[in-house]
Amino acid sequence: MASLSLGLNLSRKKTVCRSAAVERKNLITVCRFSVKTLIDRSCFETIDDSSPEFINFASILEQILSHRLKGQFTWFGYESPRSFWDYVRVACVKVPHNCICSIENMENVGSSRAKGRAWIRVALMEKRLSEYISTALRDFKTTRRFYEDGAILLGEEANMLAGTLLGLNAIDFSFCLKGGGLDGNFPAVIDYTPYLKFTQSSDSISSDEEELRTLGSSGSEGSTPENIGPPFNMDENSWYNKCKRVEQKYRLTLEQKGYLEELVRLREAQLSESVSQNKLLLQRIEDMDLAQKMEKEQLEYIIVELQDQLKNFQSLDQISADVLSQSSLNPGQSQDGDGKHDGLSLLSEGKEDTPSLLGLCGSLTSVASYKSLTSLKSSEYLASPTTEMTSPGLTPS
């Protein structure tokens, strides 16, 4: 019994998986067909709300965006149904210059389903429906929060959907956002009949013609020449079918051409934007390298200048020490006073303050050694000839 129940569970899981896969495949395939019919119809007339092709496409897209959408739990634990607009307004908010706020503020659109239908129309008129879907799919965390496992937007079919919708950017849509198509009271219903028409192949048509000719030749011997009419009519039908097939191939080629042109235009825009960003980055790198080199040269020049200034200060300190020692050993001789004046002249003839250093590193007068040198010029440390003559030791008795 256990093995039997296990087998039943496995078969049930397989059936559920197959049903979900077939449902996803059907919706994506029908969506691709509806996009082709829209492109085909746009070659002859403007697509608006009354176009059957658009009504069917909007229903298909609504079914895809609502596929396995999670419900919203209330305070009492019940799960209420949710519209795909709740997902779109959260996942597409990162799209630059989006229309989310405009749709939220529309007065004649009240329900969430009606807002979602208005968003589809506005995105088509802006030629940005594929951009919205691609941005929403990149936010995988939000998509996982709104959809259950097995949803189309969580599978590989989502990328196919974004690529299929890209061909709609070549169509000029014209919608009225105040019409009855935004009524959110009724769910969208897909009409599959336009995509279920049987097209007879050329081999099948030729075999049917042969069968008719065989049946006509095997008739009574008394048949008159007027009975040879059906083969001629079949030839005309054959030519008509061939013309229809050529026309279908032409329309298909035209659709592919429009899709490829739109794709090339988008890729060229992306390439030009990348090239401009690359140029800006290269220019910024060059500016930074130039500024770094100039700063390095300026710092090297300052270091060399400071080293020269330090050597001059050391030599001036040595001279001042020698002068002070000589003045302390021979205080009564006037010749020493001359030597002291010479020392002062040597001190005054030392290297002057460098303007660049004064500007960049501050005033050099704040250095302690420089203060000691300037203090040597005062009469507090060096005796002048007048003081030597008036000193008590030299006055006559």
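Here the Cβ of each residue, glycine as well, is placed from N, Cα and C on the backbone.
The feature compositional bias 'Polar residues' is assigned by TrEMBL to 215-226, 326-336. For 337-349, the entry in TrEMBL reads compositional bias 'Basic and acidic residues'. Among the features that TrEMBL reports, domain 'RUN' is placed at 48-180. The region 'Disordered' feature in TrEMBL is assigned to 203-233, 326-349.
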DSSP residue counts for the domain 'RUN' (48-180), split into helix, strand and coil:
76 helix, 7 strand, 50 coil
For the domain 'RUN' (48-180), the mean pLDDT of the predicted model:
89
